[in-house]
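Have a look at the structure below before the remarks.
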Amino acid sequence: MENILDFTLEELKEWLISKEEKAFRAKQVFDWIYNKLIFDFNNMKNIPYKTKNLLSDNFYIGVPKVVKKLMSQDKNTYKFLFEYKDGNIIESVVMKYKHGNSICVSTQVGCRMGCKFCASTLDGVIRNLTSGEILSQIMAAQKEIGERISNVVLMGSGEPLDNFENVTKFLDLVTSDTTLNIGQRHITLSTCGIVPKIKELADKNYNITLAISLHSPEDLLRKEMMPIANKYSIKELMEACDYYINKTNRRITFEYALVKGKNDSIKEAKKLSTVLKGKLCHVNLIPVNEIKENSYEKSTLKNIESFGNILKENGIETTIRREMGADINAACGQLRRSYVSK
């Protein structure tokens, strides 16, 4: 059986026609799934009994089961553990802002990138998520909170560009007016920096925001923090970023997790200013998420502010990320790992 969420409207129309069914039934089914959030063919009232049986015999609606739901004390962050049909568990985070609800989705079960500050990668990657499985996190979360989600961040477990085909099909699906109709400018994709895939993504000319996990302006330190840096130098990464900017005319966000005594010095800030000078970019400074498997500690707020001021003095737009959901292990991979290891 196939997950119907992996299908575009046109693909489902073609399938129905091949079974001598009416093509317009596809739009009715999509309306039940995406607008009414009905995840059982038998509850689709305007679909004939024969068509329901045909769909039930060939498809399932692959929305995951909620195995854990946590809410932060301020009620602005929800953390979900979702379980798929095969028993694999992933996590998603919903953050409530004045401008709307945002969800951080996972693109893989686990991750193989090995970044030292990330809990998602500690047990490696188990498998890729399909386009429909990524999409289903938004639908399951919307049903749980009873509100529309209007912004998507691909920054949960997994490296999106390591699952390129499924992620790009997800982007096509989620932005379609036949499904969730989320605008491309409301989507951010975060990558550790797989250079050829950044260029491939640029060629698709999406209007999404690309976020690069940079974390150091120096190759030696970046290699220590992020194994991907052993494959692609900062020079190569910056060339790929320039290609992306020139191709899409979209500003890139550089994510920089500040680790006490590691990458938060004035010297590092000045070097980063040099690396990024003249680029259409924005820097997001992040207090590193502390995990027990390494000795990384958060920089002090004073250090983070001093670091940011140097970037601003050099004409680089900079913000400090607001921490949300710390009381519910909302950082990437932390909740899933604690649940799975029980």
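Placement of Cβ uses the backbone N, Cα and C atoms for every residue, glycine included.
Since the structure is predicted, the reported quantities are computational estimates derived from the model, not experimental observations.
For GLU91, the entry in Swiss-Prot reads active site, proton acceptor. According to DSSP, GLU91 (active site, proton acceptor) is assigned to a strand segment. Packing around GLU91 (active site, proton acceptor) is summarised by its Cβ count: 25 other Cβ atoms lie within 10 angstroms of its Cβ, all protein chains included.
According to Swiss-Prot, the feature active site, S-methylcysteine intermediate maps to CYS332, an assignment based on sequence analysis.
Per Swiss-Prot, [4Fe-4S] cluster binding site is recorded for CYS111, CYS115, CYS118. Under the three-state DSSP scheme, CYS118 ([4Fe-4S] cluster binding site) falls in the coil class.
When other Cβ atoms within 10 Å of the Cβ of SER190 (S-adenosyl-L-methionine binding site) are tallied across all protein chains shown, the result is 22. According to its DSSP assignment, SER190 (S-adenosyl-L-methionine binding site) is in a strand. Swiss-Prot lists GLY158, GLU159, SER190, SER213, LEU214, HIS215, ASN289 with the feature S-adenosyl-L-methionine binding site, giving sequence analysis as the kind of evidence.
The feature disulfide bond is assigned by Swiss-Prot to CYS104-CYS332, with sequence analysis given as support.
As annotated by Swiss-Prot, domain 'Radical SAM core' applies to 97-327, with the evidence given as sequence analysis.
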Site with most surrounding Cβ atoms, counting all protein chains shown within 10 Å, from the recorded positions CYS104, CYS111, CYS115, LEU214: LEU214
Model confidence over the domain 'Radical SAM core' (97-327), averaged pLDDT: 94
Candidate recorded positions GLU91, CYS104, CYS115, CYS118, pick with smallest Cα gap to SER190 (S-adenosyl-L-methionine binding site): CYS104
Listed binding-site residues (SER213, ASN289), ranked by Cβ neighbours within 10 Å, top entry: SER213
Integer Cα-Cα distance in angstrom, LEU214 (S-adenosyl-L-methionine binding site) to CYS111 ([4Fe-4S] cluster binding site): 17
Rounded distance in angstrom between the Cα atoms of ASN289 (S-adenosyl-L-methionine binding site) and CYS104 (disulfide bond): 16
Length of the line joining the Cα atoms of HIS215 (S-adenosyl-L-methionine binding site) and CYS115 ([4Fe-4S] cluster binding site), in Å: 10
